[in-house]
Amino acid sequence: MVGEGQDSGDKANPKPLLPSEVAELIGEPAPETEGFYFQQTMLRIKDPRKSLPFYTKVLGMRLLKQMDFSGGQFSLYFMGYRKADEIPQDEVERNRFALSALATIELTHNWGTENQPEFSYHNGNKEPRGFGHIGIVVPDVDKACERFEKMGVKFVKKPQDGSMKGLAFIQDPDGYWIEIFNPKNVC
């Protein structure tokens, strides 16, 4: 693999990669990857009765497609930002649409977890850290956060907290972090 075994520098004084090194590491995409694109992020959820209202009523997403798998005892809920009239009614077309739409969230519910009081998923922000968050662009961060506050949404960081002003982090019912930002205010 490119970059494997290279010294990451002074361990006592870590620094970011230089842009020239990044350019050398990434190069141009291989022609064989033409047509590849990012389609979904999967999050495991404990209780769809809590998660579905959060992603639809709080964040404004739509359910693109529900898929139930009785053999494996799990359901998939593909969520995304689409207008209602863009979502096909025909089941075959709706499946294709949900599985090809850009930047969707696949909420995966393993049946029965909602009935286990002590059950929870690792959200990636507790030790050992891993997955960090998803990001949602909003027209006005302060207005969105005022609305979230009225709805009882749990905040990790409010827009004026900390050193990074103008963006927020909220949590979904499973504790996954969601960054709320506007690119005009961050860049």
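Indices start at 1 and increase along the chain as displayed.
Using the three backbone atoms N, Cα and C, a Cβ is placed for every residue, glycine included.
Annotations in TrEMBL come from automatic prediction, not curation.
Source: prediction; values computed, not measured.
Together with Q40, H133, E179, the Zn(2+) site in TrEMBL holds one more listed residue from E21, E91, E93, E106, which is E106. Residue counts of the domain 'VOC' (37-183) by helix, strand and coil are 36 helix, 46 strand, 65 coil (DSSP-based).
For the pair H133 (Zn(2+) binding site) and E179 (active site, proton donor/acceptor), the C-alpha distance works out to 7 angstrom. Taking only the Cα positions, the spacing between E179 (active site, proton donor/acceptor) and E106 (Zn(2+) binding site) is 17 angstrom.
For H133 (Zn(2+) binding site), the number of other Cβ atoms no farther than 10 Å from its own Cβ, over all displayed protein chains, is 16.
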